[in-house]
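Worksheet: one structure, shown below.
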Amino acid sequence: MTIALDKFTKDENDLFDIMDDWLRRDRFVFVGWSGLLLFPCAYFAVGGWFTGTTFVTSWYTHGLASSYLEGCNFLTAAVSTPANSLAHSLLLLWGPEAQGDFTRWCQLGGLWTFVALHGAFGLIGFMLRQFELARSVQLRPYNAIAFSGPIAVFVSVFLIYPLGQSGWFFAPSFGVAAIFRFILFFQGFHNWTLNPFHMMGVAGVLGAALLCAIHGATVENTLFEDGDGANTFRAFNPTQAEETYSMVTANRFWSQIFGVAFSNKRWLHFFMLFVPVTGLWMSALGVVGLALNLRAYDFVSQEIRAAEDPEFETFYTKNILLNEGIRAWMAAQDQPHENLIFPEEVLPRGNAL
């Protein structure tokens with residue numbers, strides 16, 4: 001029997017190998033296969049946002065001014081969501097709504113879907129970039145796994161929540177003041193602050209901030225080798241290559257402070273990874289629940305007693321009244337197409353909430 005050697009060896013000029021060699025070449029800014037998704041999507045998302053906040057009005061979708069051209073500033077400009085009547089249309093430039101007319105596409109809110117979808121894929125591309133580089137330098141992929149937290153929050157808030165509602169209209173617009181208004185909307189219509197998933201998200205994010213502050217301060221406090229400057233600040237060198245802090249000293253310090261302390265760096269740093277990522281994932285799950293109009297905690301017994309007894313009031317019942325005021329004010333303003341009319345006696349009156 002004859003054996004053909006090298007029969008299945010790859011052609012040296014194979015197109016995939018040529019592209020792989022160029023994409024993953026060592027350069028100042030790594031490109032990689034993930035870059036084919038990341039860079040175009042990030043460019044279009046950021047470019048679309050700058051274009052919208054600079055030039056595009058929200059008059060036709062929200063009845064608002066939202067661009068620098070109309071007199072907004074950085075905090076009040078936004079790329080606004082499409083009108084509620086457009087439901088969940090992708091609003092493609094060549095679609096039946098805009099029919100290839102760029103000006104009409106902008107007026108209809110096409111830039112919002114453009115920025116949201118390119119932004120989502122850009123974030124996914126950035127996570128894939130971390131996977132790819134970790135693989136290249138033989139690291140574990142925990143950076144990429146951690147970045148799944150922000151991606152989950154973005155996708156749940158900007159895509160899944162409006163998909164569960166009547167249209168993109170109910171997603172946040174891309175702007176600072178617009179996001180603040182969306183937060184108030186979430187509170188008034190979903191009582192978001194009393195949602196256990198929001199509580200877990202707050203605990204995760206603020207807990208992570210506390211852990212970062214404690215960890216950074218502890219490492220700086222336990223440096224045992226510094227430069228030879230005359231005082232502490234001159235001797236401290238932030239670019240020192242060697243690890244010269246004492247885990248043993250840090251453990252002793254926190255054992256005396258709290259009675260317990262991390263005994264090894266692996267568990268400490270895993271905990272610092274686990275707390276914020278879990279918090280972000282929990283808040284994302286909560287927003288998915290809101291997309292389905294799942295309710296937060298309801299203490300109905302307190303509401304009934306407060307309605308029957310004028311002298312009984314709790315912070316919960318006061319917040320429920322506040323939420324009713326938010327709904328009464330925001331619904332008529334945000335959804336004029338619904339022709340909502342509230343009797344004067346149910347509208348909030350100054351401090352009389």
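Including glycine, each Cβ sits where the backbone N, Cα and C put it.
Listed features, source Swiss-Prot:
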type	residues	note
BINDING	His118	chlorophyll a ChlzD2 binding site
BINDING	Gln130, Asn143	pheophytin a binding site
BINDING	His198	chlorophyll a PD2 binding site
BINDING	His215, Phe262	plastoquinone binding site
BINDING	His215, His269	Fe cation binding site
MOD_RES	Thr2	phosphothreonine
MOD_RES	Thr2	N-acetylthreonine
TRANSMEM	41-61	transmembrane segment
TRANSMEM	125-141	transmembrane segment
TRANSMEM	153-166	transmembrane segment
TRANSMEM	208-228	transmembrane segment
TRANSMEM	279-295	transmembrane segment
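Long-range neighbours of the transmembrane segment (279-295) within the same chain, counting only residues 6 or more positions beyond its ends whose Cβ lies under 8 Å from a Cβ of the stretch, are 148-150, 152-153, 155-157, 160-165, 186, 190-192, 195-198, 200-205, 207-208. Of all Cβ atoms in the shown protein chains, 16 besides its own fall within 10 Å of the Cβ of His215 (plastoquinone binding site). Residue pair His269 (Fe cation binding site) / His215 (plastoquinone binding site) shows a Cα separation of 9 Å.
Between the CA atoms of the residue listed as 'chlorophyll a PD2 binding site' and Gln130 (pheophytin a binding site) there is a gap of 28 Å, rounded to the nearest whole number. Long-range Cβ proximity for Gln130 (pheophytin a binding site), meaning a same-chain Cβ under 8 A and a gap of 6 or more residues, is found for Pro141, Asn143, Ala144, Phe147.
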